[in-house]
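Engineer: This structure is in structure tokens; I'll ask about it shortly.
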Amino acid sequence: MIQVLLVTICLAALPYQGSSIILESGNVNDYEVVYPRKVTALPKGAGQPKYEDAMQYEFKVNGEPVVLHLEKNKGLFSKDYSETHYSSDGRKITTNPPVEDHCYYHGRIENDADSTGSISACNGLKGHFKLQGEMYLIEPLKLSDSEAHAIYKYENVEKEDEAPKMCGVTETNWESYEPIKKASQSNLTPEQQRFNPFKYVELVIVADHRMFTKYNGDLEKIRIKIYEIVNILNEMFRYLYIRIALVDLEIWSNRDLINVTSVAGDTLDSFGNWRETDLLKRKSHDNAQLLTGIDFNGTTIGIAYIASMCNPYLSVGIVQDHSEINFLIAVTMAHEMGHNLGMRHDTDYCTCGGYSCIMCAVLSDQPSKFFSNCSYIQYGKFIMNQNSQCILNEPLGTDIVSPPVCGNEILEVGEECDCGCPTNCQDPCCNAATCKQYSWVQCESGECCEQCRFRAAGTVCRRATDNDMDNRCTGQSADCPSNG
């Protein structure tokens with residue numbers, strides 16, 4: 001059994017606050033300076049890895065003490081993770097770097113049930129956490145005193161421009177995509193798919209040549225950026241019981257391998273074709289995302305095909321590197337992957353707890369890391385009705401998933417649910433003491449699902465439109481049937 005290492009960091013704030021400073025995230029108007037002081041308590045005889053499996057950080061925010069719990073994201077990389085870049089003469093260079101002892105964590109604030117966090121501890125502490133409903137960012141200060149860190153609210157980062165940033169998707173009817181086949185070809189029944197809690201997306205990210213030049217040919221800087229983005233993606237998708245495993249990172253360091261243009265739809269089409277004819281033949285994966293340094297026409301910052309996950313040509317998205325804040329890039333990539341998983345743009349009736357949700361068509365000044373209730377339903381329908389077989393298999397190597405810890409609000413192997421400690425659990429379907437669903441649970445979501453049970457037969461689940469009749473639940477399924 002893996003020994004869990006407990007690390008306490010005391011962050012002592014300096015007796016002053018900064019008024020304005022230029023950080024990696026941009027110009028920050030108000031920040032606190034803190035100093036990490038690390039105190040390690042190791043069990044006797046335990047070897048000390050470079051990066052511990054679990055850590056705690058104690059510090060003050062706005063004068064109030066908080067405790068940040070961190071747990072290493074052991075599902076970040078697949079066992080066969082690889083990286084590819086190209087020499088100046090076009091030769092492909094592929095390596096399998098050791099990534100088991102990495103430095104990327106998920107976290108939460110103690111006694112704050114709604115808190116989340118995504119932190120890298122590679123060179124100091126860098127990332128974000130949510131405290132009492134507000135997002136804070138932390139990063140090392142580039143001073144002669146290497147221990148100094150800045151903590152600041154996301155709202156205090158000066159916005160780069162006032163122009164809206166939007167998804168380029170306009171088609172929201174997945175049935176219009178002819179190549180997508182129905183789930184009748186799947187080996188699993190719809191009910192087996194519904195109650196198989198884990199889904200695994202094996203992801204490839206490609207950084208184009210403009211990304212390479214934008215970061216001055218620094219491969220390590222691009223790697224770190226993408227690792228941080230994928231770590232945040234996992235934080236966002238875990239509430240859908242989806243794990244994102246990075247299986248390959250490709251950097252077009254010599255030249256672009258497709259025609260990357262400012263017309264987002266054309267670039268998406270070219271990237272999908274390249275994935276099917278080139279990438280898939282040398283690296284097995286479920287989905288590929290292109291991160292590009294180009295500025296797309298108009299307000300578009302990303303685009304993807306809808307309900308296309310597992311399709312060789314269509315399971316792709318493209319994202320513009322539009323911000324210095326990696327969280328915003330991750331929100332955009334999560335949005336495009338959401339389209340791949342059957343999600344459409346949110347309407348005014350969609351909610352995720354008072355925030356602008358991930359599938360909002362326009363990137364908000366205060367973006368959320370949560371999917372809306374509409375997205376949950378649309379994703380559920382995709383799993384039931386589309387050929388989603390590829391995301392039902394676990395990536396290579398069971399050791400990429402950490403041993404389950406019931407009550408940490410992270411769904412892990414062997415658990416059917418994890419809603420936190422019993423006093424904080426908000427999931428009526430989940431037994432917080434065992435992290436198993438109650439034996440009487442029939443469903444978790446759907447228009448004909450209420451309090452974990454199928455709604456009674458005859459219950460109206462969709463009102464009539466035009467000459468149609470009301471749609472009514474059957475009492476045997478969580479889905480609202482059509483009258484056809």
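Positions of Cβ are set from backbone N, Cα and C atoms, glycine also.
The feature Zn(2+) binding site is assigned by Swiss-Prot to His335, His339, His345. The feature Ca(2+) 2 binding site is assigned by Swiss-Prot to Val405, Asn408, Glu412, Glu415, Asp418. Look at Swiss-Prot and you will find Cys310-Cys390, Cys350-Cys374, Cys352-Cys357, Cys406-Cys425, Cys417-Cys435, Cys419-Cys430, Cys429-Cys452, Cys443-Cys449, Cys448-Cys473, Cys461-Cys480 tagged as disulfide bond. Per Swiss-Prot, the feature domain 'Peptidase M12B' maps to 199-395; the stated evidence is sequence analysis. Positions annotated as domain 'Disintegrin' by Swiss-Prot: 403-484. Taken from Swiss-Prot, the feature N-linked glycosylation site applies to Asn259, Asn297, Asn373. Annotation source Swiss-Prot lists pyrrolidone carboxylic acid (Glu) at Glu191, citing similarity to another entry. For 1-20, the entry in Swiss-Prot reads signal peptide.
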Engineer: Rounded to the nearest Å, what's the C-alpha distance separating Cys390 (disulfide bond) and Asp418 (Ca(2+) 2 binding site)? Just drop the number here, would you?
Structural biologist: 24
Engineer: Nearest to Cys374 (disulfide bond) by Cα distance: which of the binding-site residues His339, Val405, Glu415, Asp418 is it?
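Structural biologist: Its closest listed neighbour, by Cα, is His339.
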Engineer: Counting other Cβ atoms within 10 Å of each residue's Cβ, which of the binding-site residues Glu415, Asp418 comes out lowest?
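Structural biologist: Glu415, out of the binding-site residues Glu415, Asp418, has the fewest neighbouring Cβ atoms within 10 Å.
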Engineer: What is the three-state DSSP composition of the domain 'Disintegrin' (403-484), stated as helix, strand and coil residue counts?
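Structural biologist: Breakdown, helix to coil: 0 helix, 13 strand, 69 coil.
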Engineer: Spatially, and counting Cα to Cα, which of the binding-site residues is closest to Cys352 (disulfide bond)? Options: His335, His339, Asn408, Glu415.
Structural biologist: His335
Engineer: Could you tell me which of these disulfide-bonded residues, Cys352, Cys461, has the greatest number of Cβ atoms within 10 Å of its own Cβ?
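Structural biologist: Result of the Cβ crowding comparison: Cys352.
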Engineer: Whole-number Å distance between the CA of Cys443 (disulfide bond) and the CA of Cys473 (disulfide bond)?
Structural biologist: 13
Engineer: Around the Zn(2+) site (His335, His339, His345), what further same-chain residues have their C-beta within 8 angstroms of the site's C-beta centre?
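Structural biologist: After dropping the recorded site residues, what remains is Cys167, Val169, Ala304, Glu336, Gly338, Met343, Arg344, Ile358, Met359, Ala361.
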Engineer: Please report the number of other Cβ atoms within 10 Å of the Cβ of Cys357 (disulfide bond).
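Structural biologist: Summing over all protein chains shown, Cys357 (disulfide bond) has 25 other Cβ atoms within 10 Å.
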Engineer: Provide, as an integer number of angstrom, the distance between the C-alpha atoms of Cys425 (disulfide bond) and His335 (Zn(2+) binding site).
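Structural biologist: Per the Cα atoms, Cys425 (disulfide bond) and His335 (Zn(2+) binding site) stand 27 Å apart.
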Engineer: Across the domain 'Peptidase M12B' (199-395), what does the mean pLDDT come to, as a whole number?
Structural biologist: 93
Engineer: Once the chains shown are all counted, how many other Cβ atoms turn up within 10 Å of the Cβ of His339 (Zn(2+) binding site)?
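Structural biologist: For His339 (Zn(2+) binding site), the count of other Cβ atoms within 10 Å is 26.
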